[in-house]
Amino acid sequence: MINNGHHQVTALVPSRPTKPASRTYPYIGTALTPDAQITAIENSFRDIMVALGLDIHDDSLTRTPHRFAKMLVNEVFDGLDRRRFPEITTQDNKFGYSEPLCEANISIISTCEHHFVPIIGRCHIAYIPAGRLIGLSKLNRIARHLARRPQVQERLTIQIAETLAELVETDDVAVTVDAEHLCVKMRGIEDVNAVTRTTELKGAFQQSDVRKEYFAAIPRLSDLKSI
């Protein structure tokens, strides 16, 4: 069973042992279809625009409520829909590879759940294979899906680590997220230079030597040029 926040996906890896959800996500679900969600959000956002004094009959603004609603449901928050969790397959570690595998600089765009403005950053994911291997692009897909919902960076980091650990059947997983928060840049303190780092270390990555190797690998990989 894969626990990726507010839902659990069992069909993707039916042989996995089940575990209780260790992290909660503030999502209670909805009975609305995507089209009904778009309509409801469109109507509500139109009211917000009117309250701000905007002319919703202006040809530049008249379709904005619909565009905004469609963007939220189909793009920015599509990670709320469990049916859109990427289909992830793993394979036997027939190579016997047992050293850390790290993919750095995975682009992520999320949304601050406190202010509903973007969180933009990079994710660095590592694991030490045991019995299962996962395709590299699947790491990107996991991070992307879990980011595409209202989030806080700490929870996002943990969710990526726990989801990967379930899939590859090992606790030897590390995830680091470096991100810029527009809620810090464009409001409040208005610090345009601030960057936030969060890390979740599991299993062997909690050991000093493995942890040091992981953190040393991130800047080295980040400095690599295209081959």
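Note: Cβ is positioned from N, Cα and C throughout, glycine not excepted.
For CYS112, HIS115, CYS183, the entry in TrEMBL reads Zn(2+) binding site.
Where TrEMBL records a feature, it is marked here on the structure.
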residue	record	Cβ neighbours (10 Å)
CYS112	Zn(2+) binding site	18
HIS115	Zn(2+) binding site	15
CYS183	Zn(2+) binding site	17
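Shown in sequence order, THR111, GLU113, HIS114, PHE116, VAL117, ILE119, HIS181, LEU182, VAL184, ARG187 are the same-chain residues outside CYS112, HIS115, CYS183 whose Cβ sits within 8 Å of the Cβ centre of the Zn(2+) site.
DSSP gives HIS115 (Zn(2+) binding site) a coil state; it is part of no helix or strand.
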